[in-house]
Amino acid sequence: MTIAAVIAEYNPFHNGHAYQLREIRRQTGADLILVMMSGDFVQRGAPACTDKYTRCRMALAAGADMVCELPVYGALGSAEIFAESAVSLLNQLGCIDFLCFGAETIDPHLFHAIVSVLSDEPPEYRTLLQDALKTGMNFPAARSYALGRLLKNTHCSHILNLPNNILAIEYMKALRKTGSPIKPIAIRRTGAGYHSMETTAGFQSATAIRHQLSDGTLNPSKCIAGLDIPDTSKVLLQSYLTHRPILTSNDFSDVLAAQLLDVHTDLTEYVDISSDLANRIDSFRYQFLSTEQFITLLSARNLTSTRIARCLFHIILDHRRNYLDTWRNHQYAGFLRILGFRKQSGAIWKFFQPSVRAQLITQTSQAYDHLTGIGLDIYNADLHASRLYRQILKCRSQSFLPDITSEPVIILP
């Protein structure tokens, strides 16, 4: 039995994702595909466009065999933390043969050279990186510069400016760091670019799809009909939008505003907030109008807007640096939350039993029965994040939703 894994957000699930699942089966011969998916918040520092259960159903309906949730501390982490936490959890299953991921560039030799430098961080690289940072470059730009100089390759900057390439390199770094037996498989990304707003070509980007969904001037039914997503996703999305809105960062503005009023909190205690960013937040906190306005206000040459967005959601969700450090020091051990699986793929369970090193969770009671220490802390952070997401949904839609703990694991026929 061959099992392939994908680390994804499916925000939302579109035809490019469906193509990737088909390619995974074709290229690896996988009998089963497991997806490690972000929950209700995503890595660019924002709420997911629909809740995690709807996106899980989309993935299962389109060919995934099982969907597990990447804990929110990983899902909202830097590219390195996002990849490292997901790969570590896949390692703990002990039965994954392949990790498949999209990439804009397929150049194994250059990718391995970049991974080697970033993993080992030789003195020459560190010197070049620090020199670039001192000029005011943000970290991604400084890293690209240092790699290009060290490897004497002008393509490094181009490769590291493309989001899927960045994650591909981080996945390979994480596999190397953990000594994982999982084999990486890069699948060329096709269609519109990750951030492209193009809406006429096949394989629209998730960015373009989210933009259309959040455009209040469009009729939801007509909008969904024109989206480049599988028919099964259209049905699920139509049902979702009948009762619930698409959430954006600004829907969390009141929560963030309240948090920013607490001037006694040391902001550097939150995940990834440097003293420089903390000082900027302190300077501008009384000019806050909305989450997205504040991201723009805080932007600086050495701070990317995506990093700022993630940091603000760490504040919103009360994500503390010491919790992430402890989880990371424990190799992200603890649990794996299973959101759903296909009934016909039930054979995957027997492969987990002899090899799994993480506690498998399908309901909240299992977490409180079996988890302790940092594992329970990370689970509670997930629970809080999902409850907040659901509370905002209730307020926006003015309709009742049951508590997240009552949601059963999804089993598709």
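Placed from the backbone N, Cα and C atoms, the Cβ positions cover glycine too.
Note that the structure is a prediction, hence the values are computed from the model and not measured.
In this structure, Asn164 (ATP binding site) is part of a helix by DSSP. Residues or ranges marked as ATP binding site in TrEMBL: 7-20, Gly102, Asn164, Arg189.
DSSP gives Ile7 (ATP binding site) a strand state. Long-range Cβ proximity for Phe13 (ATP binding site), meaning a same-chain Cβ under 8 A and a gap of 6 or more residues, is found for Arg55, Met58, Ala59, Ala62, Ile229, Pro230, Ser233.
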